[in-house]
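J.: Sharing a structure with you now.
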Amino acid sequence: MNTYVAEIGEIVRSQRRDEEYIEDITERLSRVSKELLGQRTWIRWFPYLKSIASTLYYTSTVVLGNQTLGEEYVHLFESNGLERTVPSIPSRISFVLLHSAFPLISNYLIQKAESTLTHPSTESFLGIPIRKNQKARQSFLDVFFWLRTKLFPQLQRAHIALFYITGAYYSIARRFTGIRFLSASAHSDIPALKVYRFLGYITLIQLAVSIGISLYSFLEQEKFNNKLKKEKKENNGGSDRNLDENSLFHPTFQCSICLENKNPSALFCGHLFCWTCIQEHAVAATSSASTSSARCPQCRLEFQPRDVTPLLNL
């Protein structure tokens, strides 16, 4: 059978179809886990259900050497680069781990690090004392926040832009493992290729502008902070006060997802979660192509990320 290099449109349609099936598996896992394990356990495991569903889906297809349902839909076949050979088992296993498990593990480790940093009893982090050094504590928190909200999303956007321009490696995991797609169809949609390439360049320009704005905002904020510190020193006779350790957590509140008592935030329905958990849940839900809103993990009320209200005086 003759095979051809898969085009961008075919790969995108295949991935969208796979994402639809993964969403369906996630919904089924959610219903089953809620009925069997109870609501409290379900709430705690809800953020991980999509990664579990993705791991199960790709293990039963890619690892076993089968086509995914999306690949069957558009007649695509996985290949070791453009050599027209089946990817090796280690490559397929590595793809599943990088694509499904690595984001979950990295996000979990970052959350645990942030939880450790925000706890007032933590003496040191990575060998650096932070118990009485609130500046170092806040610097670590800023770094992890930047990794989670800036670096990882920007890298994903840059990779998608490169995919639109070159037509190779839809996901970062496929780029690392060298797995590409071959197609059984010989047709070529030149106008669509031009549109995708245009979108790629627009995305890169948007990314560059976003990075420039972020850098400018950071420099302006640093300038403002330095000015504020100088004014405080003048007003306080040269003394510099440390932040109150207890300002980092709230002993009367506990997030029902991560069970931490930090940064309480409320939804319209009245349920409380920590800012990190509910924002990540909302962003993950709204980033899916199948839905435009998230749902409260407890009562399933629809909401947008902008509807989350931080409670600063709890």
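Including glycine, each Cβ sits where the backbone N, Cα and C put it.
Values in this document were obtained by computation on a predicted structure and should not be read as measured data.
Got these off Swiss-Prot a minute ago, pasting:
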type	residues	note
TOPO_DOM	1-7	topological domain 'Peroxisomal matrix'
TRANSMEM	8-37	transmembrane segment
TRANSMEM	39-60	transmembrane segment
TOPO_DOM	61-90	topological domain 'Peroxisomal matrix'
TRANSMEM	91-110	transmembrane segment
TOPO_DOM	111-142	topological domain 'Cytoplasmic'
TRANSMEM	143-166	transmembrane segment
TOPO_DOM	167-197	topological domain 'Peroxisomal matrix'
TRANSMEM	198-218	transmembrane segment
TOPO_DOM	219-314	topological domain 'Cytoplasmic'
ZN_FING	255-300	zinc finger
BINDING	C255, C258, C274, C277	Zn(2+) 1 binding site
J.: Within 10 Å of the Cβ of C255 (Zn(2+) 1 binding site), how many other Cβ atoms can be counted across all chains shown?
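T.: If we count other Cβ atoms within 10 Å of C255 (Zn(2+) 1 binding site), we arrive at 22.
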J.: Cβ under 8 Å, sequence separation of at least 6 from the ends of the topological domain 'Peroxisomal matrix' (61-90): give me the contacting residues as numbers and ranges.
T.: 3, 5-6, 10-11, 13-19, 21, 96, 177-185
J.: Given the binding-site residues C258, C274, and counting only Cβ atoms in the protein chains shown, which has the most within 10 Å of its Cβ?
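T.: Sorting the candidates by Cβ neighbours within 10 Å, the top entry is C274.
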J.: CB neighbours of C277 (Zn(2+) 1 binding site) within 10 A?
T.: 23
J.: Which state, by DSSP, holds C255 (Zn(2+) 1 binding site): helix, strand or coil?
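T.: DSSP call for C255 (Zn(2+) 1 binding site): coil, neither helix nor strand.
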J.: Thinking of Cβ pairs under 8 Å, which stretch from 39-60, 143-166, 198-218 has the most of them with the transmembrane segment (91-110)?
T.: 39-60
J.: What residues in the same chain, six or more past the boundaries of the transmembrane segment (198-218), come closer than 8 Å to it by Cβ-Cβ distance?
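T.: For the transmembrane segment (198-218), the nonlocal Cβ contacts are 150, 154, 157-158, 160-165.
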J.: Could you tell me how many residues in the topological domain 'Peroxisomal matrix' (167-197) are helical, how many are strand and how many are coil under DSSP?
T.: 14 helix, 5 strand, 12 coil
